[in-house]
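I have placed the structure first, in the form of structure tokens, so that the comments after it can refer back to it.
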Amino acid sequence: MKSILKAMALSLTTSIALATILLFVYKFATRSKSTKKSLPEPWRLPIIGHMHHLIGTTPHRGVRDLARKYGSLMHLQLGEVPTIVVSSPKWAKEILTTYDISFANRPETLTGEIVLYHNTDVVLAPYGEYWRQLRKICTLELLSVKKVKSFQSLREEECWNLVQEIKASGSGRPVNLSENVFKLIATILSRAAFGKGIKDQKELTEIVKEILRQTGGFDVADIFPSKKFLHHLSGKRARLTSLRKKIDNLIDNLVAEHTVNTSSKTNETLLDVLLRLKDSAEFPLTSDNIKAIILDMFGAGTDTSSSTIEWAISELIKCPKAMEKVQAELRKALNGKEKIHEEDIQELSYLNMVIKETLRLHPPLPLVLPRECRQPVNLAGYNIPNKTKLIVNVFAINRDPEYWKDAEAFIPERFENSSATVMGAEYEYLPFGAGRRMCPGAALGLANVQLPLANILYHFNWKLPNGVSYDQIDMTESSGATMQRKTELLLVPSF
């Protein structure tokens, strides 16, 4: 009996030891496997994750620099938000085609919740039936080629007003082009939306700028979305709530005034379209939905178009040969005409090359807008959990040296034989993003860049003030969701 018990004890000990060894081997194997399948990433800190790597730099450049070291598909832990970053045309094409629907959502943000009426605008709306209907309205009604064309006369009129204002300021005196161009685009969009410029233009402009400042995606509320107390401690919730009250007051007054005067208008404005659809049986819109969409038009339209014009002029000032070439093309084609019509400049190839090259180097949204994974995805062997944020670094993609020779240089001629318009065939050129969540306002945005830029270059010669050499122009970028100049563009016109 003792021998049996001894054997049983030995057997049990052996079994436990064997089980322990097998469990250790299993855990080691699965851990090794998991490690092998983890996306490359920099070293991280507790709580904040990888945020410290982005301190002291603009997000798009900071993320680009990390990608150069850790790869064009990498993982970042931004606070409590797992994030994958795409920085190459190859991975952008793979994800925005094969996995486009899996990453069709937008992350919920405090800004979207408060300022954009619970994310009911086109840009931040979650993927689903509501978003599909909004996208359809944009494509067929608000931002169709026909609708964009219908605003041609007001674009021409407002561009001519800008020319007259600059001339009135006097030759040889510095002009704040940043301020003037932003005001021009805001006025064009105001008239397109409401049928006229609005008396509270300055207030609307400040609201739009504040919204853009709050949507950078890297502040406390964005990286710790579940820590509600931080939203209060940081002051962001209070700022956004105050901003929301201003928006409600301003847009409610505009809509009320517009409704009273609707019988006197002949051209259907963007607000007319939305009010017509408001009580539609097919897809009714609420008043808050309409306000969110109007904010999209201004927020996405004003800053992106004005900054593109600023960057184009900045690059041309820095590159006198390109400036001379585009001005010669304009002046030859227009042959002394006083006012420019859009038909006059549609076929001006070098002007269009300048715009494309500007958008390559200075995409309006350098990190586009983040997407979010709707379901777990296996991406090239990597397991991507649900709710993972996706950042596509268009800034890095547009400057990828594997696809672009002298990628950091401003060379409009590189587009001479290119058919790329708003997207490159290999996703090497993505100024407006790609896939389902691609910017629906590309046609309107390009129209609001081409004519103003042509007027500014055709009617005036430009130089830096105080005898500063062209190669000393400040090209520093600001930090935020959109790619703006850090300093305002002050230039001296002659005519």
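Cβ coordinates come from backbone N, Cα and C, glycine included.
Quick look at what Swiss-Prot annotates:
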- C439: heme binding site (BINDING)
- N176: N-linked glycosylation site (CARBOHYD)
- N261: N-linked glycosylation site (CARBOHYD)
- N267: N-linked glycosylation site (CARBOHYD)
- N386: N-linked glycosylation site (CARBOHYD)
- N417: N-linked glycosylation site (CARBOHYD)
- 1-6: topological domain 'Cytoplasmic' (TOPO_DOM)
- 30-495: topological domain 'Lumenal' (TOPO_DOM)
- 7-29: transmembrane segment (TRANSMEM)
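Projection of Swiss-Prot feature records onto the structure.
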| residue | record | contacts (Cβ under 8 Å, 6+ apart) |
| --- | --- | --- |
| N176 | N-linked glycosylation site | E488, L489, L490 |
| N261 | N-linked glycosylation site | G195 |
| N267 | N-linked glycosylation site | S150, G195 |
| N386 | N-linked glycosylation site | C373, R374, Q375, P376 |
| N417 | N-linked glycosylation site | none |
| C439 | heme binding site | A300, L365, F432, G433, G445 |
